[in-house]
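Here is what Swiss-Prot says about this protein:
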- Arg27: active site, proton donor (ACT_SITE)
- Asn91, Asp107, Asp111: Mg(2+) 1 binding site (BINDING)
- Asp109, Asp111, Asp124, Glu127: Mg(2+) 2 binding site (BINDING)
Amino acid sequence: MAREAKGPKEGDFITIKSYKHDGSLHRTWRDTMVLKTSENVLIGCNDHTLVTEDDGRRWVTREPAIVYFHKHYWFNIVAMIRDNGVSYYCNLASPYVLDKEALKYIDYDLDVKVFPDGERRLLDVDEYEEHGAQWRYSADTDRILKANVKVLVDWIKNKKGPFSQDYIDIWYSRYQELSRRQ
């Protein structure tokens, strides 16, 4: 008897769904190309990907972006490849789960934006505090998220993983190679 595939393979397209802590759907990305999967990591690429907001508004991403998700870290990383360099949008979020429908995670509002010149900004602190009170984030969740902000800032400072230009070059090149095969 043939073994059932364990999830998406390199070159497959998946949907990504982010939810809020209360379980409501926040945002959906259609057709993210999978570049790599391992036990704990999924790397993909969005390129002119359709995004649907919770209110039904739709828009298309403007540039290619390498996306990084991990099953143990409470953040995911979007590296947007632009003419003036790579910009990063890092979501503080639950580790992802992957099922037949989509890659899914809970978005916890806090974001770190990194500009091509290295400037960093922590965004949406007010939204995090508002939702934390509204949905009663536990003390453990708050502690874990704040600890993961520190991990994320350390990765940024040390150009670890997605924050390395070599990493971006390797995975964007792989995306281009797989796109030519489609």
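These residue numbers are counts, starting from 1, taken along the chain as shown.
Every residue gets a Cβ built from N, Cα and C, even glycine.
Features per Swiss-Prot, on structure.
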residue: Arg27; record: active site, proton donor; DSSP class: strand
residue: Asn91; record: Mg(2+) 1 binding site; DSSP class: strand
residue: Asp107; record: Mg(2+) 1 binding site; DSSP class: strand
residue: Asp124; record: Mg(2+) 2 binding site; DSSP class: coil
Asp107 (Mg(2+) 1 binding site) and Glu127 (Mg(2+) 2 binding site), Cα-Cα, nearest whole angstrom: 11
Cβ neighbours within the same chain of Asp107 (Mg(2+) 1 binding site) - under 8 Å, at least six residues apart: Ser18, Tyr19, Lys20, His26, Arg27, Asn91, Ala93
Neighbourhood of Asp111 (Mg(2+) 1 binding site), C-beta criterion under 8 angstroms, separation at least six: Tyr89, Cys90, Asn91, Leu92, Leu122, Leu123, Asp124
For the Mg(2+) 1 site built from Asn91, Asp107, Asp111, further residues of that chain with CB within 8 A of the site's CB center: Ser18, Phe75, Asn76, Tyr89, Cys90, Leu92, Ala93, Tyr108, Asp109, Leu110, Asp124
Candidates Asp109, Asp124, Glu127: member of the binding-site residues with the richest Cβ shell (10 Å): Asp109
Mg(2+) 2 site, defined by Asp109, Asp111, Asp124, Glu127: further same-chain residues with Cβ within 8 Å of the Cβ centre: Leu92, Tyr108, Leu110, Leu123, Val125, Asp126, Tyr128
Number of other Cβ atoms within 10 Å of the Cβ of Arg27 (active site, proton donor) across all protein chains: 15
